Every structure is written in structure tokens, then in C-alpha cells.
Amino acid sequence: MIELKHVTFGYNKKQMVLQDINITIPDGENVGILGESGCGKSTLASLVLGLFKPVKGEIYLSDNAVLPIFQHPLTSFNPDWTIETSLKEALYYYRGLTDNTAQDQLLIQHLSTFELNAQLLTKLPSEVSGGELQRFNVMRSLLAQPRVLICDEITSNLDVIAEQNVINILKAQTITNLNHFIVISHDLSVLQRLVNRIIVLKDGMIVDDFTIEELFNVDRHSYTKELVQAFSY
């Protein structure tokens, strides 16, 4: 379970980015955080990951095995390491897997799942496309077997086929390994396919919180309706 109680945060004392955030996410629930750029979505993710401490309030995680997948994969990889080295480092660090043959077998399995060519393993991050690197980024996090996954705009560099592939993989992971994941996105179609609950942020505050089945209810907040209408165009 993840619980945020009256969480307030700002990068300086004069302006708070998030104000009085209250969220409870039970195990097995996948949640989307929706809102415009600058509303505090990524800051909220950073707080859950423990990268920042709230100015006020408390954050409780029942499981410490929480990992992120960030929007810009190039900054997530060591530029001097091959893709293979980065992936195997995750297997060693998070799972204690040192046997090279076992590592290779896991990589081969995941390459097939993510529809990636094994020849890319010898490349540096700068030598593969943005879409390929983002899929490797997702793969690396899943190889570490986290219980909770924080996904920040992870489909932004993917074409529609690769996007659906990643979505299918993440959904399958909730059945096997993940307790749940939190998806930060401005793309409503991604959230509709991935999560069963959406929390809407506006100006650092929660203005709406509903299940995916309630998305088009007439009692949705006016800002939620604006986002839905904008996306429909």
C-alpha cells in the first residue's frame, strides 16, 4: 500500500508545488496521475520515490521495492556503458544474480518480450533510437523485479505499436510480480489502457479521483471534463 497524508511540498519556501495531497493506493490497484505540464505530477512521483521529503505531511510505503521509469531514457543510462552492461548491472544490484549464463538467459527472454534485437546489446545508449532505448529502460526496471513501479510519461518516445507492446507487458506484470504501478501521463488514452483509477491534479492540488469506469460521469470535475474534451479533439 502507498499512502500520502496531507502532503505539501515546494522547491522553495515561497511557492508550494503540491498542497495537502491525500492519496491511498491499496495493493493491486494501478493508478494514473493526470494533468497539464507543471501541475506537480512528476514532483509527486519524486516524493513517492523518496527523492524529496515533504514540507508537511507523511508518506507511507508498505514495500520499499519501488523503482521509476522516467520519460527521458538517455539520462537514465550510463553513457559509457553498453546496453548489456547496464541491464546486467540491474540484475546484479537488485537481484544478486552473478551467474553470467543465467543473466544471458533472462536478457534473451526479455528481448523477445520487448521485440528488441539482441545486436543492440553491444551498443552504447547514444547509438540506439529513442524508442529502443525507452524499451530497454522499461526492461531494466522489470528485470530488477520491483513491487511498485512509478512510470513517468514512459510512452512519449514510442511509436503506436511499441507503445501498445509496453502497455501489454506492464499489465501482465501486475498479474505476476508487481503489487501496482503509478502512471504519470498527460495522455488519457494511455491511462485508459493501463490503470483502473485516475487522480487529476491541477495547480498542485487534487481536483478529482475516480475509477476508470467513472471517467465520463456527469459529476466529474469541470477540469477533468476539459481534459477529456481536449483529448477527444
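Counting begins at 1 with the first residue displayed.
Backbone N, Cα and C define each Cβ position, glycine as well.
On a predicted model such as this, the values are computed, not experimentally measured, just so you know.
Some features that Swiss-Prot has for this protein:
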BINDING   Gly35, Glu36, Ser37, Gly38, Cys39, Gly40, Lys41, Ser42  ATP binding site
DOMAIN    2-228  domain 'ABC transporter'
>> Taking 8 Å from the centroid of the Cβ atoms of Gly35, Glu36, Ser37, Gly38, Cys39, Gly40, Lys41, Ser42 as the cut-off, which other residues in that chain fall inside it around the ATP site?
In response: His186, Leu201
>> Using a Cβ cut-off under 8 Å and a sequence separation of 6 or more, which residues in the same chain sit near Gly40 (ATP binding site)?
In response: Val17, Leu18, Leu201, Asp203, Gly204
> How many neighbouring Cβ atoms, not counting its own, are there within 10 Å of the Cβ of Ser37 (ATP binding site)?
Replying inline: 8
>> Would you identify which of the binding-site residues Gly35, Gly38 has the most other C-beta atoms lying within 10 angstroms of its C-beta?
In response: Gly35
> Which of Glu36, Cys39, Lys41, Ser42 has the fewest nearby Cβ atoms, counting only those within 10 Å, among these binding-site residues?
Replying inline: Glu36
> Averaged over the domain 'ABC transporter' (2-228), what pLDDT does the prediction give?
Replying inline: 91
